[in-house]
């Protein structure tokens, strides 16, 4: 074939392309990257794995603050996710017909860069990376709470519920940190194929145990606790606290649904059109948001139905349940395993970003570029020091501020508006050339502004709560 093509008078480069075309092109997509194989099902699985995380545990508490009216948050997330799915390819959004016209965006930042550009890219980067760092801190806190709960469950079982069973969560955070330092030296940890499956199995394990215990508790109560409007204002709760808590609960729910910042990356695994990636992604979003919402509503509402206004801020460690203690242990082990993996998945983009910048800045430095292979680990002095330092910093911060609910609420609040609403809306308007002042434009902007207000209020709610907690708190003593 090559010789046959060789007779044409074309540049040698083109010859090789034509020659290899039949063989190689089948393995490459239109952008020259290896052929993507993802489908509707794999995309849905990825989203569900990303979404059903530790957010589910604070949901009973959030629903206790808000009552049963927590549905709208889910709908906003779904709607803006469908807008974002349109931004995977820039250029002609109707790429279904002409796949070669739209340039692919590989990450959320790329989409912002090619659609909006300028200062907005910087803003997006700061928010996104800050969000990832925050998640790392939140996960450290959550896993130490779960490890501590395993110890307490055993202690309650042995000594009865009267024993306070106090213990510090610091040793557990340090243990978690050490494990993360080891794992962070494994290159491309987030590419390991079984990771997603393990994470999914773990998150379903602990969420279902939480759900089952909630149902069992409700049955033994002989009915549902709770009301439509959430916690009643009274002896335990002042009206200002109720307001702050309700706002923080919005943040918790936003955190529980935040997957917009990895949506584009997931879309980038879907195989080439037809049907266009955005169509597949919208179907996947619909399925996974529906699945997670049903699941969340079950877990959150059953937890609320079981405990009413007393719902703990973390369902499996707040000791609403004492027995069967081995079941609680299984659930908490599952949480820890899931969080160990999730921590890495969320930190890889930070690691990659810093290492890219360092390589670009000091290309000749041996400190940065020399690598040693030891088994599964790829060690470079720079990676060893920088990644370990990063893990140490997140661990120390977690030890200073062990308020899981507040950290989660604050993160959810701060990143919700820019990443889940503002950028998708702006990119969609730009991409679809929605005329200024048209009905659609006004509706989208109204959505954006109202979400901004909720975001600010929710962040304020979390901060107010932390300030309350700090009045009586001594660092490192929890």
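From the backbone N, Cα and C atoms, a Cβ is placed for every residue, glycine too.
Segment annotation: TrEMBL labels transmembrane segment over residues 119-142 (candidates 119-142, 143-166, 167-190). Transmembrane segment is the annotation TrEMBL gives to one range among 350-369, 410-429, and that range is 410-429.
Range with TrEMBL annotation transmembrane segment, chosen from 92-116, 192-216, 217-241, is 192-216. The stretch that TrEMBL tags with transmembrane segment, taken from the ranges 43-64, 65-86, is 43-64. Among 119-142, 287-306, 326-347, 410-429, 326-347 has the largest number of CB pairs under 8 A with the transmembrane segment (192-216).
Within the same chain, residues 53-54, 57, 132, 135-136, 139-140, 142-143, 146-147, 149-150, 153-154, 176, 179-180, 183-184, 189-190, 195, 198-199, 202-203, 205-206, 209-210, 213, 316-317, 390 sit at least 6 positions outside the transmembrane segment (326-347) and bring their C-beta atoms closer than 8 Å to a C-beta of that stretch.
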